[in-house]
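S.K.: Annotations for this protein, taken from Swiss-Prot, read as follows:
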type	residues	note
BINDING	A8, Y9, S10, G11, G12, L13, D14, T15, S16, G117	ATP binding site
BINDING	Y87, S92, N123, R127, S175, E259, Y271	L-citrulline binding site
BINDING	T119, N123, D124	L-aspartate binding site
Amino acid sequence: MTERVVLAYSGGLDTSVAIGWIGAETGADVVALAVDVGQGGEDLEAIRQRALTCGAVESIVVDAREEFAESFVAPAIKSNALYMDRYPLISSLSRPVIVRHLVAAAREHGADAIAHGCTGKGNDQVRFEVGVAALAPGLSVLAPVRDSGMTRDKAIAFAEERGLPIDVSKKSPYSIDQNLWGRTAECGVLEDPWAQPPEDVFVYSADPTVARIPDEVTISFIDGVPVGLDGRSLPLADLVAELNVRAGAHGVGRIDLIEDRLVGIKSREIYECPAAITLLTAHRDLEDLTLERDVARFKRGIDQRWGEIVYDGLWYSPLKSALDAFVDSASAGVSGEVRIRLVGGVAQVVGRRSPASLYDHALATYDAGDQFDQRDARGFIELWGLPTKVWAAREQRLNP
C-alpha cells in the first residue's frame with residue numbers, strides 16, 4: 001500500500017484537487033513539490049501554503065530556474081527545437097526538470113510513488129511517467145485526475161465544495177502553463193479553432209498590430225549558447241527573462257497552433273514565447289554563417305527529430321543522448337553575434353558576424369577584388385551533370 005506520495009504541484013486546479021483525491025482514495029500522505037522554472041506570476045510561498053491548506057503534509061518549493069535554463073533550454077536552442085516547425089517546446093522542456101526533482105524528493109522523503117495532475121488527453125502524463133520510469137523504475141505513479149475521470153467542471157465543483165483556494169471558474173476556464181521559455185493557454189473559447197483568441201489571453205506579449213518604435217538587440221553566442229545581450233554578459237536565465245520583456249513589447253512570439261498531440265488528437269494551443277522565437281531565429285542564422293553546408297543540411301533532420309522526441313516525453317532516452325552528442329559536436333564554433341530588429345511581431349535578423357564565419361567576402365563579391373575564378377564553373381557543371389547526361393542518353397537509346 002502506498003503510504004507517502006510526492007505530488008508535482010503547480011498551485012492550480014488539477015493538482016490542488018489531486019491532494020484531496022489521493023488522501024481520500026489511498027490514505028497516503030501527500031508531499032507537494034512545486035518547482036520554480038521561471039513561471040513568475042503568483043508568489044511561490046503562497047503556492048506552498050496553498051498545498052498545505054489543501055491537505056498536504058509537507059510542501060516544498062525548489063528554485064530550478066538556472067538549472068532549467070542551462071540544462072534544458074540551452075540544448076533546445078542548440079537544436080533549433082520547434083515541434084511542427086512552430087512550437088518551441090515550452091511545457092515539453094520543463095517536465096524533465098520537474099521529474100528530476102520529483103524523483104529526488106521521493107528518495108529524500110521515503111515515498112514509494114509520485115503523482116501528477118495531468119488529464120488523459122494531454123502529453124504531460126507521458127512526459128512525467130516515462131521520465132520517472134527512466135530515472136526511478138521502482139517508483140509507481142498515480143494520476144488522480146486522469147484515473148478518476150474528473151472533468152474540468154467536476155474539478156471546479158470539487159474545489160468549490162471543499163473550499164479549496166483556487167482562482168478558477170466556469171466563466172474563465174483557461175488552462176495556463178508558463179515558465180521562463182514561454183506561456184501556453186488552452187480550453188474555453190480557444191477550443192473553437194475558428195474563434196479569434198481574445199486579447200486577454202495574452203500576457204507575455206503586446207498587440208503586434210499597435211505601432212511602436214522598433215527595438216534592436218545584439219545577441220552573443222558561444223558554441224551555440226546565448227551568453228550576452230548588447231555587449232553585456234548574462235546568465236542564460238536572465239538573458240531569456242530580459243528578452244521576454246523586450247521582444248514581448250513588440251508582440252514577438254505569438255503562436256496559434258493546431259497541434260498534433262502524442263495521444264493522437266489535435267488540439268488548439270495559444271503560445272507566447274518572445275524570447276524563444278528571438279533566440280531561435282538568431283541561433284539558426286548564426287549557424288547559416290558558421291556551419292559547413294553538409295553539416296548544416298544533416299543537422300536540420302537531427303533538429304527536427306530532437307524536437308519530436310522531447311515533445312514525446314523521451315528526454316531521458318538513449319536516442320536523445322545520441323542526438324545530443326551530434327548537436328554538441330556541430331555546435332562547436334557556432335559563436336558570434338547576431339543583430340535582431342524587433343517590430344510588429346517579428347524578430348528580424350539585420351546583421352551577423354563571427355570569428356568562425358565561413359562567409360568569404362573575396363569569394364562572394366561581384367565587385368573589384370573578386371577571387372572566384374569563374375572559369376572553374378564549366379568543368380564543375382560538366383562533372384556535376386554527368387550522371388544526368390548519361391541517364392538521358394540511355395533513355396533516348398531505349399525509347400527513341
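Cβ atoms are placed via backbone N, Cα and C, with glycine included.
Locate each feature and note its surroundings.
M.R.: According to DSSP, S16 (ATP binding site) sits within a helical segment. Other Cβ atoms within 10 Å of the Cβ of S16 (ATP binding site) number 29 in total over all chains.
DSSP assigns E259 (L-citrulline binding site) to a strand. Within the same chain, residues at least six positions away from E259 (L-citrulline binding site) with a Cβ under 8 Å of its Cβ are Y83, M84, Y87, K266, S267, R268, E269.
Sequence-distant contacts (6 or more apart, same chain, Cβ under 8 Å) of N123 (L-citrulline binding site) comprise S91, S92, R261, L262, V263, Y311, D312, G313.
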S.K.: For the binding-site residues S10, S92, T119, S175, which Cβ has the most other Cβ atoms within 10 Å, all shown protein chains included?
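M.R.: Within the set of binding-site residues, the most crowded position is S92.
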S.K.: Hey, of the binding-site residues listed (D14, D124), which one tops the CB count within 10 A?
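M.R.: Output for this query is D14.
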S.K.: Look up S10 (ATP binding site) in the DSSP assignment and report helix, strand or coil.
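M.R.: Where S10 (ATP binding site) sits, the three-state DSSP reduction gives coil.
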S.K.: Tally every other Cβ atom lying within 10 Å of the Cβ atom of Y271 (L-citrulline binding site).
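M.R.: Its Cβ has 24 other Cβ atoms within 10 Å.
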S.K.: Checking the binding-site residues A8, G12, D14, S175, which are within 10 Å of T119 (L-aspartate binding site) at the Cα level?
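M.R.: Correct set: D14.
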S.K.: Using a Cβ-Cβ cut-off under 8 angstroms and a sequence gap of six or more, which residues of the chain neighbour A8 (ATP binding site)?
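M.R.: Those within reach of A8 (ATP binding site), by Cβ under 8 Å and sequence separation of 6 or more, are T15, L33, V35, I98, L102, I114, A115, H116, G117, F128.
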S.K.: Beyond T119, N123, D124, what residues of that chain have CB atoms within 8 A of the centre of the L-aspartate site's CB atoms?
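M.R.: For the L-aspartate site the neighbour list reads C118, K121, G122, Q125, V126, R127, V263.
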